[in-house]
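Engineer: Before I ask anything, here is the structure I am working with.
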Amino acid sequence: MNLFSNGVDVGRRRQAFKAALAAPHIARLPGAFSPLIARSIEEAGFEGVYVSGAVIAADLALPDIGLTTLTEVAHRARQIARVTDLGVLVDADTGFGEPMSAARTVAELEDAGVAGCHLEDQVNPKRCGHLDGKEVVRTDVMVRRIAAAVSARRDPNFVICARTDAAGVEGIDAAIERAKAYLDAGADMIFTEALHSEADFRYFRHAIPDALLLANMTEFGKTTLLSADVLEEIGYNAVIYPVTTLRIAMGQVEQALAEIKEHGTQEGWLDRMQHRSRLYELLRYEDYNVFDQHIFTYRKGENNE
């Protein structure tokens, strides 16, 4: 086992991720706000890992209004991709600028070892897709954004997903027409942001019958939460849970801190904590110990052919 990189090379991870998107069963991608969460997602048996721009911003105590940089996003994506054999899909916002910036974004994220990214049709700087007051660029501007990203791609298995926020701005029919244009520009998958109801998802799938579609099941937003089974029955190929793990973690942290402040001890939380032994197991402490022991006892000519 290589302790400091993946057990599966990036080319095979991308192939497997693309195959999962085309499989009969929906690919479920929980969001990871850290490499350790990504490893937990893999051990839980999911089909992929999602890295949310909103979560990267929140982890830096910033709002999701386009304040993070390509450097910050690529750095976190690389950290996460390093520790999991699953394909990682990254939120690349608007591509961090003009079409040439979108092209550079794809190059940087390919170098980071992820399986794909999505680009959106909001103006730059953007805002959270479930907030009011969003603005979208003209369709031809987003088409150039997608075309630039596709032209910069070196690995044909790197997935380029086009996200449209137009449903909440121009209406669902306009979003459908945009999706068709983005597919014509070379997008591999369409992310339909902030649809409201199951009926909306069915309507969108009926209008775009053959393309890969991704659904966003984020909490406390504009979208009714649908199960993976329902989305699969509708015909969606992937579903993300972008902020779920962060919200669970932060909810628990805030409750625990309040109790510690009130009672002066964390003892009441011990049965709700991850045990030290489980953390060590997740971190693969024993593998590091074996590696260290081998190096410590290394002798020239012994087991080093």
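Using the three backbone atoms N, Cα and C, a Cβ is placed for every residue, glycine included.
These figures come from a predicted structure and were not determined experimentally.
Feature list, courtesy of Swiss-Prot:
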type    : residues                                                                                    : note
BINDING : Ser52, Gly53, Ala54, Cys128, Gly129, Arg163, Glu193, Asn216, Met217, Thr218, Arg247, Arg276 : substrate binding site
BINDING : Asp91, Asp93                                                                                : Mg(2+) binding site
Engineer: Give me the Cα-Cα distance between Ser52 (substrate binding site) and Asp93 (Mg(2+) binding site), rounded to a whole Å.
Structural biologist: 9
Engineer: Minimum Cβ neighbour count within 10 Å among the binding-site residues Ala54, Met217: which residue?
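Structural biologist: Ranked by other Cβ atoms within 10 Å, the binding-site residues Ala54, Met217 bottom out at Met217.
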Engineer: Cα distance, Ala54 (substrate binding site) to Asp91 (Mg(2+) binding site), nearest Å?
Structural biologist: 9
Engineer: Quick one: give me the count of other CB atoms within 10 A of the CB of Ser52 (substrate binding site).
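Structural biologist: For Ser52 (substrate binding site), the 10 Å Cβ neighbour count is 25.
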Engineer: Check each residue in the chain of Arg247 (substrate binding site) that is at least six apart in sequence and keep those whose C-beta is under 8 Å from its C-beta; list them in sequence order.
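Structural biologist: When sequence neighbours closer than 6 are ignored, Arg247 (substrate binding site) has Glu219 within Cβ distance under 8 Å.
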Engineer: Whole-number Å distance between the CA of Met217 (substrate binding site) and the CA of Asp93 (Mg(2+) binding site)?
Structural biologist: 17
